[in-house]
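Enquirer: Submitted below is the structure of interest, expressed as C-alpha cells.
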Amino acid sequence: MMAEKLVIIGAGMASGRMLEHLIEAAPGRYDVTLFNAEPRGNYNRIMLSPVLSGEKTYADIVTHDADWYAAQGVDCRFGEPVVKIDRERKIVYSNQGGVPYDKLVIATGSAPFIIPVAGKELPGVCTYRDLEDTNAMIAAAKPGAKAVVIGGGLLGLEAAAGMQLRGAEVTVIHLMGHLMERQLDPAAGYLLQKALEARGITVHCKGATKAILGKERVEAVLLDDGTIYDADLVCMAVGIRPETRLANDAHLEVNRGIVVDDQLRSSDPAIFAIGECVEHNSQLFGLVAPLYDQAKVLAATLADAEAVFRPVQTATKLKVTGCDLFSAGDFADGPGREDIVFRDPGRGVYKRLVLEGDKLIGAVMYGDTADGSWFFGLIKDGTDVTGMRDTLIFGPGFAGGAKADPMAAVAALPPEAEICGCNGVCKGKIVSAIEGGANTLDLVRASTKASASCGTCTGLVEQVLAVTLGDSFVMPAAQPMCKCTDHTHEDVRRLIKAQGLKSIPAVMQELGWRSVGGCASCRPALNYYLLADWPLDYRDDRQARFVNERNHANIQKDGTYSVVPRMWGGVTTPAELRAIADAADKYAVPMVKVTGGQRIDLLGVKKEDLPAIWADLNDAGMVSGHAYSKGLRTVKTCVGSEFCRFGTQDSTGLGIKLEKLLWGSWTPAKVKLAVSGCPRNCAEATCKDVGVVCVDSGYQISVAGAAGMDVKETEFLCAVATEEEAMEVIAAFVQLYRENSRYLHRIYKWVAKVGLDWCKAQVVEDLANRKALAERFEISQSVYRRDPWAEHAQRPADWAPMMDLTREAAE
Amino acid sequence: MNMSHETWIDIGALADIPREGGRVVKTRAGCVAVFRAADDTVFALDDRCPHKGGPLSEGIVHGHSVTCPLHAWVFDMGTGTAQGADEGQVGTYPVRVEAGRVLLDGARLMQGRAA
Ligand code: SRM
Ligand SMILES: Cc1cc2nc3c(=O)[nH]c(=O)nc-3n(C[C@H](O)[C@H](O)[C@H](O)COP(=O)(O)OP(=O)(O)OC[C@H]3O[C@@H](n4cnc5c(N)ncnc54)[C@H](O)[C@@H]3O)c2cc1C
Ligand code: SF4
Ligand code: FES
C-alpha cells in the first residue's frame, strides 16, 4: 500500500513534537513533507533567551538536525513559506510550487503583535520570536548601546535581561502598573522591578508608547507622557496573535485562532491544526506544556488511535538568571478567597498562596521558588489542603508535620506525579529511566525529555535522581548548603530561627541532615548561624571551627602559625614595638612582616609556643588581631585632622573607636573597615566592606567594597554629622549583615543579593530599627568582645602534644 | 600482626581529647594524630596528610572522618583512606580506651609509620 501524504506547515515546537510521536507510533505510515518559513528545522524556541544572554549557543538548542530528518525520510522545505492551501484539489503551494496532501497539519504558531505607532517600520525595530530577532538583538546590544524594550511581560523581560547582560543600557516600557501583570500580583511585580533595576535596567511602568522616532533608523521612543528614551534598537514584545492567515484564506473556521475539536481537527476533516495557531473551546495557548499534549493527541489521531485533548493548567517561570519567580493558577482577589502571604525582605522573598474553600487555586512566588512544582501539583490535583494549612506556605517539607526534608517529599511522590510540566513527564517514567542506566541529569533529559525544555524542574529531577540512586548521585554544588542536606543556606537560617534550633545536633536532627555529624563545610556555617542568632544561649563550638579560628592564628604551609596583634587603627607605640621585637627574638620568629592591614605579622611560630607568645604580648597590652577570623579584621586609618594639613576630622580617632566597637565580633565572612580624613582617601576607604570618608560636614559612610578576588568600589550608604551616629549606623549595618547573610559571603556579595536600598531602609531611614540592630549587636558583643589569646594563654597544656614519646626507650 | 608483641602505652585521658577533635602524640617516627569522634570512638593516624603534609590533627572531625586543614582532603579515620576523588592513604595505629585512659599500641608505633 502506498504511504499517505502528510504535509505539515510550520516546523515549530508543536509540530516537531508531534512528528516524534507519530514516527514512534506509526513508522512509515506517512510520506511527510515539512514546510518552514524559517530557513531551518526545529529548535527549542523557548531557549532563545539563554542564546540572547550568551548562556547558550544556537547549536545547543537545536532539537532536530538534518540527520534526524534524513533518517526519518522527511522531505524538508525549509525557508519556503506556504502561501496558499487549495482544499478542493488538496494541494499546498509555496512560492516554489505545489505539493499534494492526503492529510494536512497547520502548525504556524503565532505572529508577534506590532503596535500601530508611527515609526514601527524603521530599521532597528524588531520583535522577539525567532533566531533572526535574537541575532538582531545580539548584534545591537553592544556595550554602551541603548535598547528599549516595549512590553514588560515574559518575553520583553527576557529580551531586556539578555541585552543587558551583553552590555547594553536597557529600558523597559510597560503599559500596565506592574511588570508581568498576567502572571504576577503587584507585590511580586514590585520585587521583580527592583531586582531588574538593581542590575541596571530602567523600568517605566504605566508608559504608553506614542511613536518611534528616527530618520534613517530608530533613534528614540516617545511616550504619551512626553518622556523620550534614546534607542539604537527597539524590541516590541507586547504580545502575540495566532498566525491564521493561511487558514483564513482557505475559509477554514477561524475565530481568534483556527478552531479545532478535541482531536485537533479543523472544520475540514482532512486538515488539522496544532500549536499556538489554534483555538480549542475558546481558549488560546502561549506556553509549550499544553502544545505538547496536543502533539500527543494529534499523533495518535493521525495513527488512527483514539485520543482526546484536554488543556492542563500551566505554570510560568521567567528565564532570567537570578530572578526567581513562579506563578500558577488564579490569584486574583475575589469573594471567598483567602491569602496566605510570606515575606522575607532580607532575602527578597515573597510568597502568596490563594485558597478557595479547602483548595489551593493560585500561587505566586518571588525570590524562592523551590516549592513551586509542589504548589502547582496541589493546584492541578485540587488537593484538600485543610490539614496542612498552617504550614502550607513553608512548602512540602512541613506538610503534615513531616520533617523539613525536600528529599523526603520527593521520595513520597507517587509514580504518576508530574515532574516536568513542559513535557508531561511523571516521576515513574524518570525513575524507570534512571533504573535503566540514565544516572545523570543529561542522560535523564536525553531519555525522558524531563527538564529538557524550560529547565524549571531541573532541581526536582535531580532530587528524583538522588532519591533513586542514593549516595552515588552527587547533587550539583550551587544550591544546597552542602552534600549533607538539600536545604540552602537561606533555608537553614530561616528554619533555625523559625524552629528555635539552638545547637548543631538540633539543626541536623530537625532538618534531616543525611550525614552523621555534618562535614567540614556545613559545621562551621551552622556554628556561625547559631552564635549569630542566639548570642546568649549558644556556646561557640570550637571543634566546628576551621583550624585558624580554632587556634586563633593562621596556619602556615609547614604547620606553624602566624601571630598578628591588634594595632588599633594602625597606631602603635615604641613600647609595643619593643614587646613585638622581644617576642620575635624569644620565640625565634623566622619573619617579621608589615601587613597590608597596617600592623605587624610574626610568621612561623610553633603551635606549642602560641600561648606563651600571646601571654608576652598580652603583658605589653596587646590583644589578638583576629587576622584569621571571619570577623572584624582591621580598621585602616589615615593621619587625619590631628596632623594632616587637609584632614577634616579625626579619622585616626574614629578608626580606633570603630575597631574597639567591632573587634571580636564574628561575621559571615571577614569584615574590613577604613576611615580617611578627607576625600583624598589615603586609607583606601572606598574599597572596604565599610568605608568612612570624612568631610567638613561630617562622615560619609559607604559599604560593599572589595579589593580581593573581586575589586569593587563601595556604594554610598549615608552621610551623618557626628561620630556617634557613624558608629551606630555601622554597628547596625554590620548586625544586619550578621543576621541575614549566608556564611562566607562578603558584604559586597550579600548587598548584591538583598539590594542596597533595602539596607538603607533598614539602617538609614528606619531609626528605630537602626537602634534595635545596634542594640542586638551590643548584646552579642557582650559575649564576644574579648581577647581569645588571654583566655587560651591560661591553658598552655591544650596546645602542647598530648604525649611526647620521642625520648621513650625503644623497648 | 603478631598480637603477642602488643605493648599498650597510656598516652593520657580520653577527656584530654575534645569530642570531635584531635591531639598529637610525638614519636621518633613522626607525629601521630589521636582523634575522638562524637560517639567517643578513638582513632590514631599519622599526622601527615599524603597530599602536602598537612597536620590532620588540626582538621575538622565529622562522623568517623577528618578533613585536612590545608586543602580539605577527607580521610576515613578507621582505614586512613582518602575519600571521594582524592587518592591517598595514611597509616593507622591500634588504639583503645580502658577506664577512661587512651592506650596506643607501642610496638606498632616503634615499627614506624604505615607498617
Ligand atoms: C598577612 C596579609 C598579607 C600581608 O603580609 O600583608 C594577608 C595574608 C593572608 N590573606 Fe589576605 N592578607 C592581608 C591583607 C589582605 C588585603 C589588604 C587589606 O586588608 O587591606 C586583602 C584585600 C582586601 C580585601 O579583603 O578586600 C586581602 C585579601 C585576601 C583574600 C581575598 C578575600 C576576598 O574576599 O576576595 C583572601 C582569601 C580569603 O579570605 O578567602 C586572603 C587570605 C589571606 C590568608 C589568610 C590566606 C590563608 O587563608 O591562609 C593569608 C594568611 C597568611 C598567613 O599565613 O598568615 N586575603 N588580604 C595581610 C594581613 C592584613 C592584616 O593585618 O590582617
Ligand atoms: C523568546 C521566547 C521565549 C519563550 N519562553 C517560553 C517558556 O519559557 N515557556 C513556554 O512554555 N513557552 C515559551 N515560549 C513560547 C513557546 O515558544 C511557544 O508556545 C511555542 O514555540 C509555540 O509552538 P508552535 O509550534 O505553535 O509555534 P512555533 O514554535 O512558533 O513554530 C511555528 C513555525 O511555523 C513557521 N511558519 C509560520 N507560518 C508559516 C508558513 N506560512 N509557512 C511555513 N512555515 C510557517 C514559523 O516560521 C515557525 O518556525 C517562548 C517563546 C519565545 C519566542
Ligand atoms: S586623606 Fe586627607 S586626611 Fe588623610 S592623610 Fe591624606 S590628606 Fe590627610
Ligand atoms: S595537605 Fe592535606 S589536603 Fe593538602
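Glycine too: its Cβ is placed from the backbone N, Cα and C atoms.
Annotated domain 'FAD/NAD(P)-binding' per TrEMBL: A:5-280, in sequence order. The feature domain 'BFD-like [2Fe-2S]-binding' is assigned by TrEMBL to A:419-466, A:481-530. Residues annotated as domain 'Nitrite/sulphite reductase 4Fe-4S' in TrEMBL: A:630-769. Annotation comment: TrEMBL describes A:Cys638, A:Cys644, A:Cys678, A:Cys682 as [4Fe-4S] cluster binding site. Here TrEMBL flags A:Cys682 as siroheme binding site.
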Enquirer: Report the residues of the chain - excluding A:Cys638, A:Cys644, A:Cys678, A:Cys682 - with C-beta within 8 Å of the mean position of the site's C-beta atoms, for the recorded [4Fe-4S] cluster site, in sequence order.
Expert: A:Val639, A:Gly640, A:Phe646, A:Gly647, A:Ser651, A:Ser676, A:Gly677, A:Arg680, A:Asn681, A:Ala683
Enquirer: Long-range same-chain neighbours of A:Cys638 ([4Fe-4S] cluster binding site), Cβ under 8 Å, sequence gap at least 6?
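Expert: Spatial neighbours, sequence-distant, of A:Cys638 ([4Fe-4S] cluster binding site): A:Cys644, A:Gly647, A:Ser651, A:Thr652, A:Val675, A:Ser676, A:Gly677, A:Asn681, A:Cys682, A:Ala683.
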Enquirer: Provide the number of Cβ atoms within 10 Å of the Cβ of A:Cys682 ([4Fe-4S] cluster binding site), excluding the reference atom itself.
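Expert: Result for A:Cys682 ([4Fe-4S] cluster binding site): 18 other Cβ atoms within 10 Å.
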Enquirer: Please work out the mean pLDDT for the residues of the domain 'BFD-like [2Fe-2S]-binding' (A:481-530).
Expert: 87
Enquirer: Once near-sequence residues are set aside, which residues in the chain of A:Cys678 ([4Fe-4S] cluster binding site), 6 or more away, have Cβ atoms under 8 Å from its Cβ?
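Expert: The answer is A:Gly640, A:Cys644, A:Phe646, A:Gly647, A:Thr648, A:Val693, A:Cys694, A:Val695.
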Enquirer: Hey, what's the Cβ neighbour count for A:Cys644 ([4Fe-4S] cluster binding site) at 10 Å?
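Expert: If we count other Cβ atoms within 10 Å of A:Cys644 ([4Fe-4S] cluster binding site), we arrive at 16.
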Enquirer: When the domain 'Nitrite/sulphite reductase 4Fe-4S' (A:630-769) is classified with DSSP, how many of its residues are helical, how many are strand and how many are coil?
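Expert: With helix first, then strand, then coil, the domain 'Nitrite/sulphite reductase 4Fe-4S' (A:630-769) has 57 helix, 36 strand, 47 coil.
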Enquirer: If you run through the domain 'BFD-like [2Fe-2S]-binding' (A:481-530) with DSSP, how many residues end up as helix, strand and coil?
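Expert: Once the DSSP states are binned, the domain 'BFD-like [2Fe-2S]-binding' (A:481-530) shows 26 helix, 2 strand, 22 coil.
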